[in-house]
Structures are given as structure tokens and as C-alpha cells.
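J.: My questions all concern the structure below.
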Amino acid sequence: MFGGYETIEAFEDDLYRDDSSSELSVDSEVEFQLYSQVHYAQSIHNANKEEGYEEKNCENSETVSSQPNQKNLIVLSDSEVIQLSDTSEVITLSDEDSIYRCKRKNIEVQAEEKTQSPATSHSNKVAQKCKRNNKKPKPEERPGVIREVMIIEVSSNEEEESTTSENENVESWMLLGSEEDGKDNDILLNLVGCETAGAEDDVNWFISDKDIEAKIDNNRSSGRWNNRYYSVNKNVTCRNCDKRGHLSKNCPLPQKVRACCLCSERGHLQYGCPARYCLDCSLPMSSNHRCFERLSWRKRCDRCDMIGHHADACPEIWRQYHLTTKPGPPKKPKTPSGQSALVYCYNCAQKGHYGHECTERRMFNQTFPTSPFIYCYDGKYDIQQRDRRIKRKVKDLKKNGDFPRQFKRPHVEETDKRRHHDMRKSRSPRKYRRWPRENKETQKEKTRSREGKTHRRGHQPRGEDEDFPRGSKPNASGCANNQKPSKSLHHASHYHRLREERLLRESKRSKPKKRKSTEDGSHDDLFLIKQKKKKPKPSGL
């Protein structure tokens, strides 16, 4: 078929008088020319310089004859011509950190196959020539943009089959400008100068002057003792030791134990406090506590019309004393205070309503909201009626045994004792300056002597004593009571009278104890007393 030649390659070698055999694979020189056209640039300015350098190299390289009108054509082989549009752009690559990053890519390639005369150079070697347009850039194009040149080689059917087999082994990550892969997220792009900072907002951040003066760092330390050696010049105060120069988290002293908000004692919190009170009856909760009050959410106040309490426990009772400075009924304002124009809610922070009127969910559900207004002021009669109701309630609690016991608070009792002791010292010389106190023994002796004097003055005749050994007649007792008191009692002060009456009551209370011990021999004593007082009658009578 080929005129005695075995293959078409041998026929072509004899036809073109070429000693070298035709090869399907790409020649090493062609591969070198292809790789030499890949440009690397760190920034746009460097890319422009390299573009001019490449133009000089292309002029000195081997050239292939082409038509004068085809300025933007690249001859790849004897029968292949590829035309590139002027709007195409080149991929810019950064070789600084061996990381390739694509800036822009807009490719519009139009392939046109044209035949040429067979009087060309060798078919096995592909000649390549770069011709660039040296004209000024069009207004549509931006200055300093690097174009992308993609070189495509079209060969025969056998060569196409070989290239397709080679392309099957090429993966997506090997191609420049391909789609993003999930494995590429681990690559760190350390490029400086390639991107513009035009998209960032021009925001000026600054540090407050107070933070600078206090010299407080925003970086938290990993351990507690890292900042142990602090400087005293810092304007901060520790809440643990009350010393300046460091914070409580860096304090070398042990942390204080939190105090209870109910009894102000340390060692327990609110939920474990022994003085914890019941939310329904407001009494301390003990082990045997029994609450007979209605549940708090079923109570409604007749005074402020709020849920959670009764009228006697309404917070308006103490709120009405906002103008009172003297003891007595609360003072009323001359003109009623109107509602302010600016109204905000403490629960939802919205404008237009108060916190007790808010319908949103409460931040703290343990208490019920109360009204901040005062609807009425109490008078003397209202205060007296409320005190009577409270006393009646206390009596009922004492009867049932539900009255709260007093909890011992050592630090409070010590302060109270000191205050009372100081008050006694200060008041004793003024109160008892004229009438100093006497001992109990001297007081008892005086009372006995006075009782003896009154008994002698009201002494009955001997006959009456005989007839009435256990006591005198009622008339005699009446005479004794009608006697005038001694002069000393008239001259005594009112204070001495009260003191004497009190001592007499104490002596009367102590006498029955002695009588109980002598009840057994009372009859014998009376018989002996009667015989002793009995005297022999005169015989003449």
C-alpha cells in the first residue's frame, strides 16, 4: 500500500528525507518550550516586568513564517493554527512560598485549522513562536493585567488516542484553575502584597484611658499563681483582702467564704440557712414547721390589688413613709405626684409600661411583682387596727405552738450587750445621784422594822388575844387600817414608795413557802402559844 514501505512513518521519512524516525510522544524540546511559557509573578508590577522580558526572548527564538494579518496566531504544527482573543487573561502565580494562586481567568479560544504548504520544517518537531500585541490597551481592558496563554496541540487520530490515555491519569488537583477541592482547605496561603485591603472597613480601634491608667491586661492567666508578684502601682483594689495592686483572682490569701444573704453568717448559703422563712406565711422554716396560710399565688391584696400578699403585708405600708421624718402617722404630700413621661420596664427593657405591668416572662420567678405607687395613706385609726390584728395573730401562734423561736446570733448579741452596758454607765450617775441604791439586806431590815412598829401601835388588849388567838376582830383590823402613816413615809419620795411596794410583794410571795413546811405542826404551836399567854386569874374576883 505504501509502495514497499512497512509503515507510514517510513514512507514519510523517505519522502521528506529525514533520518530521524517519527514519534508519537512529545519531544523534549517541545516540552521545554511549553514549560518556558509559564510565568511566575509575586505582584502585578513584577508581572509587567517579566512580560517585557518574555517578549524579548520570543523575538530571538525560532520563528515560523505566517501571514502579516495574523498577528495573534500561534503555529503549533504544520497544519494547526490557534487564534487567541485579546480579552483573555493569564494566570498569575506566586513563587514566594511555593503556593500557586489564581487571580483571574477569562479564556475565549477560537481554533481555526488552516492548511499550509508541505515545504515546512520537520513534522516531528513542533515550532512555537509567541507574538503579542504591542498596541496600547483598550479602554475595556485594565492596565497591568497579565494574560493567560493556553497552548493546545492537535495531532492525528493516533496522537489523540495517546493524549486521552495520558489525560485519564491526570487528576483535578494537578490542573491550574480547576474547581476547589475539600482537601485544599489545609493549605495556608502566606501571600503578602497580592490582595488589596479595599474591602475592609476603615474603623479606628482605641483603648480606653481608664484601662490604660489601671494597666489591666485582657489576657487571662492559665494558673492562679502566675501573677503572684504584682506591682503596687496599679489602681485596682482586691475584694478578697481589700488591698491595692492586684485583683481577687490573683490574691495570694485564701478566698473568703461567702456569707448568707438572710442571716449574714458565713459557712452556709440561703438554701441551707436555719433562719430560712416560708414564702406563704413569712415565718422561719424549722423541722416541725406547719403552714396554714393560703398559697401565695392565691392571695390578692385589698390595698394595691396585686397578687402574692395580703393587705397587712403590703409593701405600700412602709412606702408611704417617704416624706415622714418624725414618729407618728405618715405625712401626706401637698400635691399628688403625677406619672412621669418616660416609662421603662425593668423586666423587658421596653418603653411604655412599668415592670409590674409587663406580660413577658419574669427573670426571677420566686417573687411576685409589686406596684411602685402609693394608693392611700394610713391614719391613726388604721395603724391601731393593724397593730391589733398583728397582736391577735401572735396570740394564736403562741397557742398553737407555731411562734418562731429566736435564733442565736453571737456577733449580734455581743454588740447589743455592749450597747446596753454603755447606756447603763452613762445614765446611772444622773438617775441615782440623789438616791443611791442600797443592798438587799438593808432593805429587808428596814421593812421588818416598819412592820414591827405598825404591829405595836395596833396592839389589841390581852382579853381579845386570848379569845382570838388566830387573829383580831374585823373592827380592830379596821382601826389599825385607819391609823395615819408615819412621818417618814410622808417625807419619802415616790420612788421609795414604789420600791417598798415591790419588796412587800416579794416578801409575801416568799412567806407561803415557809408556811407549807410548818403545816404539820401548826396545831401544836397554836396550843402552846395559848398556854404561854394564859395567866392565872386573881382569886379575889
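Placement of Cβ uses the backbone N, Cα and C atoms for every residue, glycine included.
Since we're looking at a predicted model, the values are computed, not measured.
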J.: I'm validating the feature mapping. Which of 173-190, 281-298, 299-316 is tagged zinc finger in Swiss-Prot?
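T.: Going through 173-190, 281-298, 299-316 one by one, Swiss-Prot gives zinc finger for 299-316.
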J.: From the ranges 199-216, 343-360, grab the one Swiss-Prot calls zinc finger.
T.: 343-360
J.: Provide the three-state DSSP residue tally for the zinc finger (258-275): helix first, then strand, then coil.
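T.: Breakdown, helix to coil: 3 helix, 2 strand, 13 coil.
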J.: Could you tell me the mean pLDDT the prediction assigns to the zinc finger (343-360)?
T.: 90
J.: Over the span of the zinc finger (299-316), count residues by DSSP class, listing helix, strand and coil in order.
T.: 4 helix, 2 strand, 12 coil
